[in-house]
Amino acid sequence: MLFKGGGLPHESLALQEKLFGAGPDYNFMTRIERFKNSLVRVQHFIRCCARYNLHDHADKKWFEGVAFPNEVSVLGPHSGMFIPTLKEQGSEEQIQKWVPQAEKHQIMGTYIQTELGHGTFVRGLETTATYDPKTEEFILNSPTLTSIKWWPGGLGRTCNFGIVMALLYIDGKNYGMHPFVVQLRSLKTHEPLPGLTMGDIGPKFGFDTVDNGYLQFNHFGIPRENMLMKYCQVLKNGTYTKQTRNPKFSYGAMIFVRSMVVYEVAGQGLAKACTIAIRYSAIRRQSELKKSRPEPQILDYQTQQYKLFPLLALAYAVWFTGVRMKEIYFMVNNEIKQGHTERLPELHAISSGLKAFTTSMASWGIERCRLACGGHGYSAASGLPKIYVNATGGCTYEGENTVMLLQCARFLMNIYGGVKNGRRPSGSVNYLGERISSRCTLTSEFTLKSLADAFKHRAARMIKEASERLNRLQASGNDPEDSWNLNSVVLTKAAEAHCHYYMVLVFESVVESVEDNCVKDILRQLCQLLALCGIQENSGDFIQDGFLNNDQLELVKQKQLSLLSEIRPNAVLLVDAFEFHDVQLGSILGRFDGNVYENLFKWAKKTPLNKPEDLIHRLLR
Ligand SMILES: CC/C=C\C/C=C\C/C=C\C/C=C\CCC(=O)SCCNC(=O)CCNC(=O)[C@H](O)C(C)(C)COP(=O)(O)OP(=O)(O)OC[C@H]1O[C@@H](n2cnc3c(N)ncnc32)[C@H](O)[C@@H]1OP(=O)(O)O
Ligand SMILES: Cc1cc2nc3c(=O)[nH]c(=O)nc-3n(C[C@H](O)[C@H](O)[C@H](O)COP(=O)(O)OP(=O)(O)OC[C@H]3O[C@@H](n4cnc5c(N)ncnc54)[C@H](O)[C@@H]3O)c2cc1C
């Protein structure tokens, strides 16, 4: 119950739906079969939403977790980007017009921003929307090959609507990137409308159940009312007006998804992988620990614990951080709606930084879980390949991770510069206003406070040094842009250190808030392990300025090893506590009943390659 809160009833409802749990095995399907099967489940999901009166986004998410285990469906971009952008950027009239249809799935939309030539550099996008006051239409056009829209999920075959990000031109003047609601396909025939060339972009690393697509505009007209006009308006005569608000409001959909990805993608993905690897390690027996004794569970090998328990601690940390990230998003977004935009830069920085930091850590962690499962981990039956390919997409979409770390670093440099000029920082960066202590107080007790302080010191020092290096590069004659580029590796590391500190701090605050002493003690062990592993893996950062000494590092190592034995008796319970149903895990190795071998054998017998009547058989005969 530490995790699920109000979600359980919806999950149980979804689990009662036969169509979700049963059916053909994903691993034995071709891409087209996977896509079709997902569409069948999408339709059933939509019927369930009506039947169970599911409107709230969070309620639907619980349901989706069962309906689409370890994959993204075309509903992801629809409910995660299309509807939120309508709500956040549309005028009241526009919201009334489109949101109810979208929520009832009468129209299906996606978010159409990236182009063949540009994804990261949003200001480099080329699609144009030119206003024609005579027809009161915007004419959308793809002027170059590189301006063809590329990647939007659901665009290839499914969606009949999209929000297209395009450069607004009025009377020859470029007003920058704006969002437009565009009908793409006929609501009767589902054929693309004349003036649009569109389709699926082909097979990918993962995301088989999503038809990421391309779209080329050939002077395609849409009504004036289709520009989302909450913040900027184009009047009938072509007059452009805008509120004196931050132009970055049109990037709001990206902040939303980045804030959600920490929990939904990184937290869930790593927690599932740990559940599989730790349960399997309690079932699998191999080799000898002691002569003439039964083979031990592989989870009893210290090296196996050393591989998996730090990842378990990380899974808890990312999960808690993801929950906190969601809370912060909704809090700051409410403030923004009431006209208080002061915390937008911080929200952008922390959502960019944490999205990058946690998806990278989770991808790396999921792969390590696979390696920890030996040969069977390499089989699709482990469920780990599917979890990995979907989670690792999070390192790229919604802002490539290095680019996101640099956005976070940009904010940190601004704040640090302000501190130097006497400004007081607040929120997630308030520590930058504190004096940095030069010696570490870490003792063999390893209190959570002393561990968090060590990460604070590391982050503050690395941010300070990145800033000073930037200044030195400029002082030696480099222009600001070159200086930034020449410092960018250092900047990304400073941003990572900031995010790492944030994650340790969140974990520490969760532990402190737990009332049950037994649970508190177990969580404290995990939090200590997370922090100690972070120190050891990045020990150079902690000893570089003499903050930690060799004796303290030795203590860190000793404590890390003793924690492995302390965590061992609770390890399986700690993954059971995530409460993933077998349907959600999609893994034979991670089955709750532990009946691994019998089911692996049954599964292998079902593989299509074993069917007697096929071309392979004839060729081999
Ligand atoms: C509900 C969903 C739940 C779960 C999700 C689950 C599954 C996901 C499923 C499927 C995947 C779904 C969707 C994927 C969809 C996509 O990928 S959509 C496309 C996303 N594209 C990107 O993210 C592009 C990345 N690029 C950018 O964001 C920007 O262009 C940039 C940040 C790189 C811009 O860099 P610059 O050119 O430097 O910036 P600028 O535009 O000139 O900005 C100057 C100042 O503005 C600040 N800033 C930048 N972005 C924002 C922002 N979003 N909000 C607030 N402020 C911003 C920037 O920091 C500068 O500030 P200064 O004060 O320093 O000047
Ligand atoms: C599964 C998936 C789903 C997607 N869904 C959608 C969608 O629904 N809608 C949509 O519009 N888009 C979507 N996208 C596109 C996605 O948002 C972009 O691919 C992403 O933002 C990265 O941009 P890019 O492809 O231009 O990468 P690039 O910018 O070309 O990245 C390539 C390399 O260049 C580096 N680089 C680029 N710029 C800089 C810089 N300024 N400083 C340092 N290094 C830099 C990067 O770090 C990276 O190593 C999706 C992508 C994927 C993979």
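Along the chain as shown, the residues are counted starting at 1.
Any Cβ shown, glycine's included, is placed from N, Cα and C.
Among the features that TrEMBL reports, domain 'Acyl-coenzyme A oxidase N-terminal' is placed at 12-107. Feature annotation from TrEMBL assigns FAD binding site to T114, G153. Look at TrEMBL and you will find E398 tagged as active site, proton acceptor. What TrEMBL records for 448-612 is domain 'Acyl-CoA oxidase C-terminal'.
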Give me the Cα-Cα distance between the residue listed as 'active site, proton acceptor' and T114 (FAD binding site), rounded to a whole Å.
10
Determine how many residues of the domain 'Acyl-coenzyme A oxidase N-terminal' (12-107) DSSP places in helix, in strand and in coil.
71 helix, 0 strand, 25 coil
What's the most sparsely packed of the recorded positions T114, G153, E398, counting other C-beta atoms within 10 A?
T114
Please average pLDDT over the domain 'Acyl-CoA oxidase C-terminal' (448-612) for the predicted structure.
97
